[in-house]
Structure formats: C-alpha cells, structure tokens
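Peer 1: So TrEMBL lists these for the protein:
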REGION    1-23  region 'Disordered'
TRANSMEM  45-64  transmembrane segment
BINDING   CYS131, CYS134, HIS135, MET270  heme c 1 binding site
BINDING   MET183, CYS225, CYS228, HIS229  heme c 2 binding site
Amino acid sequence: MANKDGSPKGGASKRIDEPTGTEFVGHEWDGIEELDTPMPRWWVWSYYACIVWAIGYVILYPAWPLLEKGTEGVLGWTSRGQFAAEMQTEADRRAPIVAALASIPIEKLPENAANMREAISGGAAAFKVNCVQCHGAGAAGSKGYPNLNDDDWIWGGDLKAIETTLVHGIRWGGSRETRLSYMPAFGRDGMLTQAQISDVTKHVMSLGENGAANQKGAEIYAAQCASCHGPSGTGDRKLGAPNLADAIWLYGGSRAEIEQQIYAPAHGVMPGWKDRLDPVTITMLAAYIHSRGGGEDFVDRTAKEGAAAIEARPETGAISDEQR
C-alpha cells in the first residue's frame, strides 16, 4: 500500500506513480522525476533472439581472428571462395563467346552481328576499368587525350588499326612495334625564328578556314611541314602525322597553342596493353572503340596494293611451256 502522496508505506525509498503504477527512479531535478519503466517484452525477446543468432553465426561462419588465421566455421564458407565461385560461373558463361571471338580475325568481326554485339558489350566493361582515366567515361577525351567518338584518326580507325594501337601503344617503350611519330621542336632547337613560327601558325590556321592566308607561312610550311602533313595539311597516317585542315586539335587550336606545339611539341604516350590484357579483351576494346561513331571499314591494303601492282604490270604475252 502507498501513502496519499504516492510514497510506499513503511518508509521505503521508492515511490509509485499513481497513473501508471510504475516506480520512480528516485532522483529529481527542478521538479522533474524519471519513471523506472521496464523494456517492452518484445524488445527483450528480440534481444535474446539476437544472442542466439550471434552464437549460431560464430559456429557456422568465420568469426574470431586468431594468431595465424581465424576460425573457419563448420560450413567452410569464405567471401574469397564465394567470389572465386562467382567469377568461375561467369567465366563458364562467357566461355563460348570468348572462344568465338578468339577464333575470328578482328577485321571479320562485323560479319557476325551477334559476336559484334557481345564484343562491344565486353569492351564497354573493359573500357571503364582501363581507359576512362585518360579518355573519360564517355570516351570524349580532353586536351592531350584523343576523343574516340569522332572520325579523326591519326593511325587509322578500322578494327585492325585500333587493335594494333591497343596492343603496341603509342611511343611506348614496352614494344618495338609501338606507334612512333615525333615532330621536331622548330623553335626550341633553333630551326625557325619566332616570327617564322608565327607566320606558319597563321598558314596552318588558314588550312582549316580559321584564318587568313599567309604567304610567308605557306612557303615555310612547304619547306618544313608538308613532307609529313601533306601539301594541303590533311596528314599522313603512315607517319602518324595529324590532319591540320579540320577543327580537331589534340593540344588546342588557338593561335597560342598551335605556336607552342610548333615551338616545342608535346608527345603523348599511351601504354600497350598486350602485357596486361588478353587478346580477346583487346578485341572487345577495339570493337567498343570502333562502335563509338568514328569507326572505319577495314580495307585489306596488302591485297589492294597487290591487285594494283598486277594491273600496272606491262603485258608480256603468253608464257611458253619452256618458260614454265
């Protein structure tokens, strides 16, 4: 029984809150007191269930770290093992596709639409891991890093040419077959004066209809630049000489940027991927890059040149049996 003020009879220190029948904790601050309300039963049972679950987890799965290794659990499960199993499952799923791509010359890949789709899909994934750091997520590149979405190719834009660039890189020391092209430093090495560089810059800008013609610059260009870039500035893929007559500039197209490139040219480096990626992944990457919008049709230049040579060969008459 309690007194009228809610305090227990017999002088006990605990008092009872009449509306709830709950004991007060016993302390008071500025007239505010706290009730000693017990936890809900569902919460208590949930707590017990968590304890049981934790004990079961410790028994079944790796849990406690030891000096050399951790407890393994009766199921023998590991996250590394699950990852390896998932990777193997995916590898098994992709095995027929990989085998098909490995058996097809890359220049013949577009002949099978299904294989081309698979190659582009795989190449998109490989591009996100290996190429976006330089060329960007959308392959649009930036200053010093080529845009792979346009049709301005320095070394060629068919599947075979792209594959060769991926395998051997550009100015990469890891392959003797790497793409090589070096432009002389006309200003730094004293080949041209600053005034001459200014004149030839004006001429180069006029090639793309981005400036007025400059006679002095045209003469300097013909003597110093046309052997690589061509008389009209359209470039030469065999030499890796870029097209100067379009609006695409790897290192910037302003007058100051072109002058700087003539004075002391920048030479970017792209690593070859033959030591890091397998041939099928490189094929997939080439297919993806080719599909970005600027890919070109493959032309068998060896066969074409051979046919041209045969056509150009003079008539010599029939071959006799003795000549055979």
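Glycine is treated like the rest: Cβ placed from N, Cα and C.
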Peer 1: For a quick check of understanding: given the listed heme c 2-binding residues MET183, CYS225, CYS228, HIS229, what is the maximum Cα-Cα distance in angstrom, as an integer?
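Peer 2: Greatest Cα separation within the listed binding residues comes to 11 Å.
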Peer 1: The transmembrane segment (45-64): which same-chain residues, six or more beyond its ends, come within Cβ distance under 8 Å?
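Peer 2: Same-chain residues near the transmembrane segment (45-64) but 6 or more away: 70-75, 77-78.
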Peer 1: I need the nearest neighbour of MET270 (heme c 1 binding site) among the binding-site residues MET183, CYS225, CYS228, HIS229, using C-alpha distances.
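Peer 2: The smallest Cα gap between MET270 (heme c 1 binding site) and any of the binding-site residues is with MET183.
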Peer 1: Give the distance between the Cα atoms of CYS225 (heme c 2 binding site) and HIS135 (heme c 1 binding site), rounded to the nearest whole Å.
Peer 2: 28
Peer 1: Taking the Cα of CYS134 (heme c 1 binding site) as the centre, which of the binding-site residues listed as MET183, CYS228, HIS229 lie within 10 Å of it?
Peer 2: none
Peer 1: So which other residues, same chain and not among MET183, CYS225, CYS228, HIS229, have a Cβ within 8 Å of the centroid of the Cβ atoms at the heme c 2 site?
Peer 2: GLN224, ALA226, SER227, ALA241, LEU244
Peer 1: Go through CYS225, CYS228, MET270, our binding-site residues, and report the one whose Cβ sees the most other Cβ atoms within 10 Å.
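Peer 2: Most Cβ neighbours within 10 Å: CYS225.
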